[in-house]
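Visitor: Below are the structure tokens for one structure; questions will follow.
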Amino acid sequence: MGSGKERDTFVYLAKLSEQAERYEEMVESMKSVAKLNVDLTVEERNLLSVGYKNVIGSRRASWRIFSSIEQKEAVKGNDVNVKRIKEYMEKVELELSNICIDIMSVLDEHLIPSASEGESTVFFNKMKGDYYRYLAEFKSGNERKEAADQSLKAYEIATTAAEAKLPPTHPIRLGLALNFSVFYYEIMNAPERACHLAKQAFDEAISELDTLNEESYKDSTLIMQLLRDNLTLWTSDISEEGGDDAHKTNGSAKPGAGGDDAE
């Protein structure tokens, strides 16, 4: 195990990198903390999460843009341009895959085994579910199924721990419910299951809203608003489309189209 001074240095460098928007370096600093095999503090967890979220977020946004343009070119019959876009998308997909593989190894080898409390266990398994979900957004065939299965498994482990250890109003438990419901909507093409999960989380939190401390109030109510926004979007889709089957799109996801998720 590394010294406290070494750990403090890595955390400080991660904060500097964040200020300068150098997110790849932010991630490297926080990976160094993770490799000390310690249970991360709330601040350290958030630094790790923000770093990876920004590193992968720009690529996910690029992939969505290319996917949208590809569909438009295909409709126009511009096969040459479709081929060019597909080649570019493959480059982005490789970058996305490498980022996801990287965080999975850090989670499986260091962060999840070192998690000593319920909050950390929920946080890191939720994170694992998120990054397998990001893989499932662009993978196809057996690779997509495997990513979806692993995402589901991680979200289920996180949910079991959250229900046992965290109150319904806890921002991490709410963020998990938000992202798990997005997984059901976007990846599993199951809007009714997504709505049930989101509504249950929202209703349970509402019933205990008066127990929220001032520190968590802003975070929790923001996620509750996202849950409600997604519910509004999804229930209108269900009534328009006529249920789950209408949302099945040849086993491929429509990333970002299914609602908001948490950081």
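Every residue, even glycine, has its Cβ placed from backbone N, Cα and C.
Straight out of Swiss-Prot:
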type	residues	note
MOD_RES	Ser67	phosphoserine
MOD_RES	Thr211	phosphothreonine
MOD_RES	Ser239	phosphoserine
REGION	239-263	region 'Disordered'
Visitor: Give the number of CB atoms, excluding that of Ser67 (phosphoserine) itself, located within 10 Å of its CB.
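Guide: Other Cβ atoms found within 10 Å: 18.
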Visitor: Mind giving me a neighbour count for Ser239 (phosphoserine)? Other Cβ atoms within 10 Å of its Cβ, every protein chain shown.
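Guide: The answer is 9 other Cβ atoms.
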Visitor: So for the residue listed as 'phosphothreonine', how many other CB atoms are inside 10 Å of its CB?
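Guide: I count 11 other Cβ atoms within 10 Å of it.
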Visitor: Using Cα coordinates, what distance in whole Å links the residue listed as 'phosphothreonine' and Ser67 (phosphoserine)?
Guide: 44
Visitor: Tell me the Cα distance separating Ser67 (phosphoserine) from Ser239 (phosphoserine), rounded to the nearest angstrom.
Guide: 27
